[in-house]
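This report refers to the structure that appears directly beneath it.
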Amino acid sequence: MKKQLELIKPKTFPFFYGYVILLFGSIGVLFSIPGQTVGVSLFTDPVKDALHLSRNEFSNAYMLGTLLSAFFVTKAGILFDRLGARAVGFLAAICLGGTLLLLSQSKGIVEGIQSLLNTDTSLVAVAVLTLLFFMLRFSGQGVLTMTSRNMVMLWFDKNRGKINSISSITVSLGFSSSPLLMDYLIDNHGWQGSWQILALSLFCFCLLVLLFFKNAPEAYGLIPDGKNIIPKKVNTSPEGLSKAYTLTEAKQTRAFWIIGLALAFNSFFITGVTFHVVSIFESQGYTKAEAIAIFIPISIIGITISTVANILSDYVAHKIFIYLMLCGGLLAVSGLWFLGDTVGVYALIGGLGIMSGLFAVLNAVTWPKYYGRVHLGAITGKAMSFLVIASAIAPSMFSASFTYFGDYKYVALLAFVFLVGLIVAGLGVKRPE
């Protein structure tokens, strides 16, 4: 989108425009919630019942749609590097809003296709949901989230951790309260009306994207952290590195894979628990209200850890955060195994809080700190594909554990083994030089 068409000029703004970017980048992540698992989970039961699907069929449609989206997220990251945050963010928001409208009409779409084909097979509903979940996850969890976070990181360098701590607080509060919002919308407007309300909100947000989303500061005669004169040679590599890494070069470092897999596990476990949170807790004798209530203490822990870790991230080695997040994973997995006891609930809440808090640092600050800003879209796009794949298989694996073994704890056993292996593989990992 041409700069001539932009009404707001960052260089003539009365203060550093990066702070406006911080505000609207954070809002952008919040508007991705309808495409995140936390925004879909409470729709699971009413939608599967309306479409006459089993829990496994619904989970498999979600898995297939999310897996399909993973193959395109890296390409979206490359487009971010080429077209910038404004164009990519606008297209992602439009696509997400349109997908929500289609989802609100999914019952009619399925019945229409079944009538046309003269069949009542559930495969039609699974196929329709798979396609719509592909669009939902690609535009929401994938592109809009990546674009909003990367945009903020492009506008800051030395203060990146401190700035991300502010964004993380906003995002954590929004994500933790979203199940309550979704529950309220569904109770008062039904699942179809709720998706329509969210779609309208996305279309309104598109106008904010056009007005306030901006590409890298250098495109407007600015540089990160607030200076307004571009030096003859702008350093786009993080302090301490001699160059900015390409995606190919980044993939040749061990740190890329350890961080990517650690973030992927985070996505896997949090997605699985969030998607089936009501069923998980009801299987251990808890109520729906008690299940949803865990998100508040998780957010408090996550916000606290995220704030401290983001500030420290400007000064300490990030490998510390990697190990701490993996240990938080072990705590959460143990909590799921012992969920029938009160100590298990506390362990699950504490572990998920640690994981979510450190995720905000590693997924936003670490990539530009380790590999520079020039190819940030391609690198984070590839990393995002790991997260998308992990979140895709999580609901089905959790569902299979409960369906075939009568308990969710068996998926916790597999998760524990994976975590231990990743901790061993990550020993000695360090920032690329």
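Cβ from N, Cα, C; glycine included.
Remember, it's a predicted structure, so these values are computed and weren't measured experimentally.
The transmembrane segment annotation in TrEMBL covers 12-33 (among others). Packing against the transmembrane segment (12-33) from elsewhere in the chain are residues 39, 89, 93, 96, 140-141, 144-145, 147-149, 151-152, 155-156, 163, 166-167, 170-171, 174-175, 178, 201-202, 205, 208-209, 212-214, 217, 220, 222, 224-226: each is 6 or more residues past its ends and has a CB under 8 Å from a CB in it.
TrEMBL lists 61-80 (among others) with the feature transmembrane segment.
Sequence annotations record features per position, and here TrEMBL assigns transmembrane segment to 87-103 (among others). Long-range neighbours of the transmembrane segment (87-103) within the same chain, counting only residues 6 or more positions beyond its ends whose Cβ lies under 8 Å from a Cβ of the stretch, are 1, 28, 31-32, 34-35, 76, 79-80, 109, 132, 135-136, 138-140, 143-144, 147-148, 151, 195-196, 198-203, 205-206, 209-210, 213.
Summarising the annotation, TrEMBL assigns transmembrane segment to 123-144 (among others).
Summarising the annotation, TrEMBL assigns transmembrane segment to 165-182 (among others). Sequence-remote contacts of a segment are chain residues at least 6 beyond its ends whose Cβ falls under 8 Å from one of its Cβ atoms, and for the transmembrane segment (165-182) they are 22, 25-26, 29-30, 33, 36, 38-39, 41-43, 149, 152, 194, 277, 292, 295-296, 298-299, 302-303, 306-307, 309-311, 356-357, 360-361, 364.
Within the same chain, residues 1, 7-8, 20-21, 23-24, 27-28, 31, 34, 39, 43, 85-86, 89-90, 93-94, 96-98, 100-101, 103-104, 147, 151, 182, 185-186 sit at least 6 positions outside the transmembrane segment (194-213) and bring their C-beta atoms closer than 8 Å to a C-beta of that stretch. As annotated by TrEMBL, transmembrane segment applies to 194-213 (among others).
Marked as transmembrane segment by TrEMBL: 255-279 (among others).
Here TrEMBL flags 291-313 (among others) as transmembrane segment.
According to TrEMBL, the transmembrane segment annotation covers 320-339 (among others).
The annotation transmembrane segment is assigned in TrEMBL to 345-365 (among others). Residues 149, 152-153, 160-161, 164, 167-168, 171-172, 259, 262-263, 266, 269-270, 273, 294, 297-306, 309-310, 313, 318, 321-322, 324-325, 327-336, 338-339, 380, 383, 387 of the same chain lie 6 or more positions beyond the ends of the transmembrane segment (345-365) yet place their CB under 8 Å from a CB of it.
Among the features that TrEMBL reports, transmembrane segment is placed at 386-404 (among others). For the transmembrane segment (386-404), the list of distant contacts is 37, 55-56, 59-60, 62-67, 69-70, 73, 137, 141-142, 260-261, 263-269, 271-273, 275-276, 279-280, 283, 363, 410-411, 414: same-chain residues at least six beyond its ends, Cβ to Cβ under 8 Å.
As annotated by TrEMBL, transmembrane segment applies to 410-429 (among others).
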Give the nonlocal contacts of the transmembrane segment (255-279) in its own chain as ranges (CB under 8 Å, at least six residues past its ends).
37-38, 40-41, 44-45, 55, 59, 62, 179, 288, 291-292, 294, 319, 322, 325-326, 329, 332-333, 336, 348, 352, 355-356, 359, 362-363, 366-367, 370-371, 379, 382-383, 386-391, 393-395, 397-399, 402, 408, 411, 415, 418-419, 422, 425-426, 429-432
Taking residues 6+ outside the transmembrane segment (320-339), which of them lie with a CB under 8 Å of any CB in it?
258-259, 262, 265-266, 269, 273, 280-281, 284, 309, 313, 345-355, 358-359, 361-362, 366, 408-409, 411-413, 415-416, 419-420, 422-423, 426, 429
Surrounding residues of the transmembrane segment (410-429) on its own chain - C-beta under 8 Å, 6+ positions past either end
254-255, 258, 261-262, 265, 268-269, 272, 319, 322-323, 326, 329-330, 333-334, 336-337, 397-398, 400-401
